[in-house]
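A short worksheet on the structure shown next.
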Amino acid sequence: MAGSGHGSGGPPPPPPRYRYLDLLFALLGAAAFLADLVADLWVASSYMQAGHCLWGGLVLALLGLSSLAMQFFSWAWYQTDGIKQDLPSGRCLAVLHLLQLGYLYRCLRVLRVGWRVCRAETAAQQERGYAVFLSHDISMLRLFETFLESTPQLTLAVSIVLHTNKVEPFQGLGICTASLCVAWSLLDYHQSLRCFLMDKQELGPLSSTIYFLWNFLLICPRVLAVALFATLFPCYVGLHFLGIWAAMLLWVWLQDTAFMECPRREWLYRATVAVILYFCWFNVAQGQTRQRSAIYHGFILVDSGLLAGSWLWYNAPLQERSYLLLVLPAALVCSVLGVLLRLAYYKWLHPTLQTRRQASYDEVDTAEGLAGFRAGPAPAPVNRRMYQLSQNHFLGSPQAGRNWGNGILDDMPL
């Protein structure tokens, strides 16, 4: 690879050990998904029974659209990965995904493989890598589901509560489960990104807490601003979403993403990322992100301020909703604190900076310094999709000479 340099030149580190803790997280993730599904159906039916068919229909529409997107990504990845281990026939897989069971099938697979790896005293490197490979795809699908369903439903629930000025038990459950899904997916995604780093730089409590907090503290004010605008102009919030989504889609396209193997499927990925960007920052390209991040956060801050300001203009002096006199300043504090925590994360906890002082591992030599990614080539399968996102997140400058396989890094020329 052009511009790469190796440290010790020894054998590549093995894939990360799949532990019982990872198996427990996989089980809890599947349980959380099912609990969220049951809560969504309960919320939708409760709205329908109360005569609010539009609200119930929106909940079901968000649930259906996110499920269709998840099933499509899952099926497309099965088609291109080239891993046929323990897989049924292509026709059976297609039926599973048509029945909207593809994600649950993936969860069952990772639980079965993970249990087999954890029980074996000396599991083969290939088997361990396969368990991690499967967990990475689930993490990515869960992230998509979070921002295609849970976050929009959270926004809808908050908007309805603000509109009615009361909280029903099923609404409280829906808000709690949606918030739990957002928190879980952010932590799980961060853990998957860190999986490709050196052992000393893998997931740590402090870095994970800061990463989660700055994302969550920036998402909550955004959700509140959109919800406030939706209570004021319910007919125009859809136009607002489409306008911002189109701008973000153009933003992603200009960065020339290459996440999917098929160019037509790449547009679905870009459309999904544009939805994520409506709510929070998501890095899709390597290189210096400081300017891109500053532009994005400045744009979102101005947009959220205009949404909340419009609501205040038409609802002052807030006699019926006096509690918002505390909530709105708290949301502003959350935004500022989220930005400060993000700066602290990238200044002191980001592995691109931390690994420069490490010399006992094979490393990637970039124009900015050394980033401690696991070296290859390793015989175990490596998830190309999560590896690419990990590079986007941790590397300070682009790399040349990648050799991608179909969903797998056949050779990691680091």
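In case you wondered, yes, glycine gets a Cβ from its N, Cα and C as well.
When TrEMBL is compared with the stretches 128-148, 296-316, the one noted as transmembrane segment is 296-316. For the transmembrane segment (296-316), the neighbouring stretch richest in Cβ pairs under 8 Å, chosen from 20-43, 55-78, 210-230, 236-255, 267-284, is 210-230. Counting same-chain residues at least six beyond the ends of the transmembrane segment (55-78), those with a Cβ under 8 angstroms from any Cβ of the stretch are 37, 40-41, 43-48, 87, 93-94, 97-98, 100, 102-103, 106, 137, 140-141, 144-145, 148-149, 152-153, 156, 160, 260, 262, 265, 268-269, 272, 385, 407. Among the recorded stretches 20-43, 210-230, 267-284, 323-345, the one sharing the largest number of Cβ pairs closer than 8 Å with the transmembrane segment (236-255) is 267-284.
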